[in-house]
Amino acid sequence: MAQQGSGYQARYKRILLKLSGEALMGSEEFGIDPKVLDRMALEVGQLVGIGVQVGLVIGGGNLFRGEALSKAGMDRVTGDHMGMLATVMNALAMRDALERANISAIVMSAISMVGVTDHYDRRKAMRHLNSKDVVIFAAGTGNPFFTTDSAACLRAIEIDADVVLKATKVDGVYTADPFKDPHAEKFDHLTYDEVLDRKLGVMDLTAICLCRDHKMPLRVFNMNKPGALLNIVHGGAEGTLIEEVQQ
């Protein structure tokens with residue numbers, strides 16, 4: 001586990017970290033790369049070590065995508081329920097990685113899964129966070145048609161997080177896909193309305209509107225950059241910050 005930091009004051013006391021399921025694949029084309037899990041667990045452990053309370057939401061796209069199968073004829077609700085189960089699988093894998101690194105963690109699912117996870121309870125989640133446990137929120141919102149990005153923003157608001165940190169493969173929000181357009185320009189700051197007006201695709205409409213309506217700051221950053229997460233928590237300007245008014 002990470003050692004206690006000295007000489008540093010964390011800017012955020014409580015964060016909600018959103019990881020995509022694809023981030024867990026590493027260099028694989030499907031599933032979970034244990035090396036990626038272990039690296040992420042150590043980075044989260046560094047935050048716990050300096051007293052930051054961490055909530056986690058992990059997508060399920062590395063295992064299943066309900067929307068894609070719905071286009072092929074599967075009932076959308078059934079597909080979304082299967083996607084929720086994929087997020088539970090990822091959450092269990094992350095909990096295991098954290099516990100192997102001697103970091104206390106709990107999985108709370110929006111769908112009751114007695115004997116596998118705890119059922120989501122806001123007050124219980126807050127108690128665990130205050131006890132320095134990492135709380136992994138699984139199964140999205142528990143409802144079909146809602147993305148895990150929306151679930152992350154919802155949980156962040158419910159637990160009174162200071163910020164939503166969305167980990168991606170690129171170091172922020174760009175005018176276009178930087179992998180496809182070499183002339184794409186990066187934004188350092190944006191407002192929620194700018195994200196919506198420009199249709200930048202940072203998150204879905206529901207997620208962005210939730211953050212805007214509840215004044216929840218959102219930072220998009222590159223999780224593959226070593227030390228980026230810790231730098232953000234210390235107040236570093238990694239990636240793109242989205243908030244109500246630019247500072």
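If you go along the chain as it appears here, the first residue is 1 and each next one adds 1.
From the backbone N, Cα and C atoms, a Cβ is placed for every residue, glycine too.
Cross-referencing ASP75, ASP80, ASP121 against the UMP binding annotation in Swiss-Prot, which names GLY60, THR141, GLY142, ASN143, PRO144, PHE145, PHE146, THR147, THR148, picks out ASP80. GLY60 (UMP binding site) and THR168 (ATP binding site) are 14 Å apart (CA-CA, integer value). Of all the binding-site residues listed here (GLY60, GLY61), the one with the fewest other CB atoms within 10 A of its own CB is GLY61. Sequence-distant neighbours of THR141 (UMP binding site) (same chain, 6+ residues apart, CB-CB distance under 8 A): ALA110, SER150, ALA151, LEU154. The Cβ neighbour count for PHE145 (UMP binding site), using a 10 Å radius over every protein chain in view, is 13.
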